[in-house]
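Per Swiss-Prot, these features apply:
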SIGNAL    1-18  signal peptide
CARBOHYD  61  N-linked glycosylation site
BINDING   76, 78, 93, 150  Cu cation binding site
DISULFID  87-176  disulfide bond
BINDING   93, 101, 110, 113  Zn(2+) binding site
């Protein structure tokens, strides 16, 4: 047998081992987020927010109009994509690892914690930030879930009460949109 033959056998065995323990293609696929978009189309909230992975970070950019001017508003990805009943069908924050609520760059935190956005004088909020995804472990991403904009500022889980640890005391849900695959 040649060295090449041994290498081929080694790679086949390694691939089978990795696949058996969840580190093959399926692991990579769960770690890589396909480009996504959340389109806000229900008046008065109009806009779009894009999600694009860059290594260990998710770039979030876009804008939503029709929000209360001059406020900081909590934003989160919620577990479900349902938008009914004033966004309550979106369920709780996306939290596959049962962590405390926190800031978008801190740990522990929910996978769906996006922090606060500032609404300008004209009622338009601009999204333009990176979210750390390194260390969150493999999960199936944001596709099919809802992006929710809340009525209050997110306290980022810094208070000692239960509301802070679960929702950041962000208040009622103002606007929501289902996150779907983005066209190339």
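Residue numbers in this text run from 1 along the chain shown.
Each residue, glycine too, has its Cβ placed from N, Cα and C.
Features as recorded by Swiss-Prot, highlighted on the structure.
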residue : record                      : Cβ contacts under 8 Å, 6 or more apart
61      : N-linked glycosylation site : 49, 50, 52, 127, 128, 129
76      : Cu cation binding site      : 93, 94, 110, 112, 113, 114, 147, 148, 150, 154, 168, 170
78      : Cu cation binding site      : 87, 90, 91, 92, 93, 94, 112, 145, 146, 147, 148, 176
101     : Zn(2+) binding site         : 93, 109, 110, 113, 156, 157, 164, 165, 166, 167, 168
Quiz item: Applying the rule Cβ within 8 Å of the centroid of the Cβ atoms of 76, 78, 93, 150, what extra residues of the same chain belong around the Cu cation site?
Solution: 74, 75, 77, 90, 92, 94, 112, 113, 148, 167, 170, 173
Practice problem: Could you tell me which of these disulfide-bonded residues, 87, 176, has the greatest number of Cβ atoms within 10 Å of its own Cβ? | Solution: 176
Quiz prompt | Cβ packing number for residue 93 (Cu cation binding site), 10 Å threshold | solution = 24
Self-check item: Site with most surrounding Cβ atoms, counting all protein chains shown within 10 Å, from the binding-site residues 110, 150
Solution: 110
Practice problem: Excluding 93, 101, 110, 113, please set out which residues of the same chain place their CB within 8 Å of the center of the CB atoms of the Zn(2+) site, keeping sequence order. | Solution: 76, 94, 95, 99, 100, 102, 109, 111, 112, 157, 166, 167, 168
Practice problem: Across all the protein chains here, work out how many other Cβ atoms are within 10 Å of the Cβ of residue 113 (Zn(2+) binding site). | Solution: 28
Quiz item: Does DSSP put residue 87 (disulfide bond) in a helix, in a strand, or in coil?
Solution: coil
Quiz item: Can you tell me the three-state DSSP label for residue 101 (Zn(2+) binding site)?
Solution: coil
Exercise. Provide the three-state secondary structure of residue 113 (Zn(2+) binding site) computed with DSSP.
Key: strand
Quiz item: So, in DSSP terms, is residue 61 (N-linked glycosylation site) helix, strand, or coil?
Solution: strand
